[in-house]
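Q: Quick one: the structure is below, and I'll ask about it shortly.
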Amino acid sequence: MIRHDYSRVDPKRRANLDYKKRQFAKAEFQQQNYNHRLNFYVLPPTAEITLDEFETWAIDRLKVLSELEACTFRNRSPEETTEYMRGILDKYLPLRSDSSRSQKLQEERRKDHYSHFILRLAFSSTEDLRRRFSRLETMLFTLRFKDDDLRERADFVKSLELEWEEVREEEKRELKEDLLAASGMVGKKSEEQEWFKVDWERVPELVGQRRILLKRGKAYVPQREQMSLVVAEFTKKLDDALELTARALSELDEDHRLSPILTHLSQSFTTPDAPYSTSDANINGLSTITHQQIDTLSQSFPLCMRNLHDTLRTTSHLKHYGRLQYTLFLKGIGLPLDECIIFWRRSFKLLTDEKFNKEYKYNIRHAYGDVGGDANRRGRGYTPYSCQKLLTEPLPGPGQTHGCPYRTFAPDNLVSVLQRVGVNDREVLKTVREDVGKQRYHVACNRVFEWSHKREIRKVKEDGSWGTSDLDTIVHPNTWFKRSWLLKHLGEGNVGVVDGGAVGQGEKVVE
Amino acid sequence: MPHSVTPESTPTDDSSRTVSQVDTVKPDPETQDVAMEDALTPPETDKPKVKLEDIFDDEDSDEEFPSSAPIATSQDAFSQPPPIQITSQSSFSDSNVMRAFYQRLFPFRPLFQWLNHSATPSNDFAHREFAFTLPNDAYLRYQAFPTADLLRKRCIEMLPSRFEIGPVYSANPQDRKSLKNTLKKANAFRPLMKELVFDIDMTDYDDIRTCCTGASICLKCWSFITMAIKTIDIALREDFGFRHILWVYSGRRGAHAWVCDKRARQMDDQKRRSVASYLELLKGGDQSGKKVNARRPLHPHLERSLAILKEHFQTSILAEQDPWVTEEKAAHLLNLIPDPTLRSALQKKWDSAPSRPSANKWSDIDALAKSGALSKTPKELLEAKQDIILEYTYPRLDAEVSKKLNHLLKSPFVVHPGTGRVCVPIDTRNVEEFDPLGVPTVTQLLQEIDDWRGEEGEKKMQDWEKTSLKPYVDYFRRFVAALVEEEKPTLKREREKGVDAMEF
């Protein structure tokens, strides 16, 4: 029988006891003291937590991050996001200020600290995950930074010791006009404002929005834009750290307790985008689509695709991103590759065969995953763009027609296009105009859908053949098409079967 | 000037190395034994003691390839096969034309120094991606060359109709496949740096250009590019503090900018994006209505741009382009005016005289506004008018090109396959005088070499010096020299400074 040697110390704790190593031992199990509510997450945690805590804390933070991501998908404004996130943060990841004098202050901060580092481990493995994690953590940090107590925030910023050069009085006077014009402050006295001078590379965001004065490579940042400086610094530090974590990750493979948890965490973080399921492509009652049918089918296309189709028909051409968006959509509704190539070849009437084969065909095949790198072919090319993708990509430039018309068209033009495709209800057009004004583009789009299918929707609701989830908000152009087509062909043979639907629910049969 | 760079410091391929040291001793080219790379290469000569910029002395003495020696004598002396007859009728993409171009005209050496940032070959050049478009339109990516000579050799071999320049990678692009299989694969092969580039193309102006459409250009529409160059160049210099900006004619109807400062080369995608969006003003596609909605007070960059562009608006736009002469186009102008009262007054006036020239229509706006048909404040009208000026003059960048570190862009000095014109640098000091239609074509240049009857004398001349390409190459060399000078290792520069200080 093996006698358990109780006199033996836990090997991990031994450092505390071995006199030779005592000088190193102190740091190992020390609790960190959190002086500030906000954290730049520079030092990793060193104390012990239970496995249980490890998992629950990470899941809590993950919930917060995914809600935050959902906010961007829904196109919520910063104010709405703050409002929406308040409850969620309080529930899962509360962080009170010093002034609250809460007993749990240190505990909360500790949880914040640890959960950040756990997720950092979980999301450092691939470039994609790293980028998303860094983006969301930055959003979270910004959110907290904004509602931090003013004095505590100032203290925190001071503790960061960022190198900022203050602009001297005489320079301020000299550049007064420009400083005010650049930052969009009217009627304020520049003397009252404090300005910092930093290399412009540190505030790329402000530069990109043309909100600060640039002179000879130096950016003049007003005090109130300090946030974007701090945030930029935060992102930079986090990005660098994530790279390092990724490299160290392989050493973690040894630990059989942690790696399953981490894999699980990172898996539940994937599939963020509005779903495009291949089931969107097979619609009962609609046999394999050929290129001749596109013109007829385009009646059931959402406006973004209809617009591309009409532009293509009138000008016999589309620019690159328009082609890409439309090709992927067509692929999504089930148009086979060879038909798609014929479709484009016929549509580009003004091009010679040679030019078409040389400059256009490859891209179509690439989008279908017929050519290209291994990953592209294995993944069968790109997935059709979702509304979220269309709504967040850069606005089209002159001559370009891609994107979501509700977002890219001037309201007047939008309305006239809608009228042309048969939306003539004054009330609907008015509300669409309002929606668009509030940047609720997908709401406007769904409104148009509901109006143009109102009879059919009423019918399926009445006979109960479609559940509420079948009529959920549309967040993907391909879902629009599928639903529209099914509704318009109700009662034709076996047509009208919602197969999988957008949200992936089970089959429901009409009649 | 300190001869810090010995001729040996450029370890080019051996065949051309045999003569490396003779130059400083004997200026006579006839005494030298010259290794020829291939039968068609004219004998190479040393010591082109042209009064070019002294800075290049060192490298030049190493021998510069594209000299054909005096044509008359050399043919006898070396019993060379007679040169291909190149007339201005020859096709631009003819393989003989392209071969002669790469052999005799293309300034590989300055191009090398430009990308290498010093005289000694370094990874800045060796790890740089080149992409060739071959005569059969195959596209060959990830080419890389240790030296200028090897690049030249490959060009003569493959005769690319053009080639593009990509970023410097963390490893040799040729080895990228094997690197992918190594353990630390994730980051072993990634782009490190590239010049910040801009592309302005006339296609983006098609909705406001009336003189030509599609691929054709004339001097009238070139003024769009002139305006763009002026506006962007000054913003890059004054706002961002960049100093080494090379503008290059793209060969047909546009211009490229290469910002070569170290600071610019090292920018990541995010910074490139923000520079591009700082300079971008026009937003929205064809259906979006008003494309310029600038915030007031105008950002200093826009204020300055407006001041530059205003002058052009009167001449280049109103007079030359006459953008609102048709009814349909005038309707667009009306849409841009915010005031409904004024709009209907203008509409009425123009309906009676539909084809009034644009300049008159433009002044009608103010005239009618003064006569009382204005329901908004004069300030709002002024701002709207400013927005209109900007919409019709402000540079339209192909921003995607600038946003990515690993975007490829056509190299300067290659031949545009469609027009045959050489993509020459544009001197920003005389940007107004630049005439895209006066840029020499490759056939014209080769003809000029043949026609050259000047004094050869004791100094050897490069072939390009005999042609109208000379001012462009000279300009490029000065540009490169300034860049190389700035990037000299600091230690040395400081030492030089120290010497100066002693002398004072």
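Quick reminder: no glycine exception, Cβ is built from N, Cα and C everywhere.
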Q: Can you find which of A:CYS340, A:CYS445 TrEMBL lists as binding [4Fe-4S] cluster at the same site as A:CYS304, A:CYS387, A:CYS404?
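A: Matched candidate out of A:CYS340, A:CYS445, per TrEMBL for [4Fe-4S] cluster with A:CYS304, A:CYS387, A:CYS404: A:CYS445.
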Q: Hey, what's the Cβ neighbour count for A:CYS304 ([4Fe-4S] cluster binding site) at 10 Å?
A: 27
Q: Beyond the listed site residues A:CYS304, A:CYS387, A:CYS404, A:CYS445, identify every same-chain residue whose Cβ lies within 8 Å of the center of their Cβ atoms for the [4Fe-4S] cluster site.
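A: Filtered neighbour residues, in order: A:PRO302, A:LEU303, A:LEU390, A:LEU391, A:PRO405, A:TYR406, A:ARG407, A:TYR441, A:HIS442, A:PRO477.
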Q: Need the DSSP three-state call for A:CYS404 ([4Fe-4S] cluster binding site) to compare against my parser.
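A: For A:CYS404 ([4Fe-4S] cluster binding site) - judged by DSSP and reduced to three states - the answer is coil.
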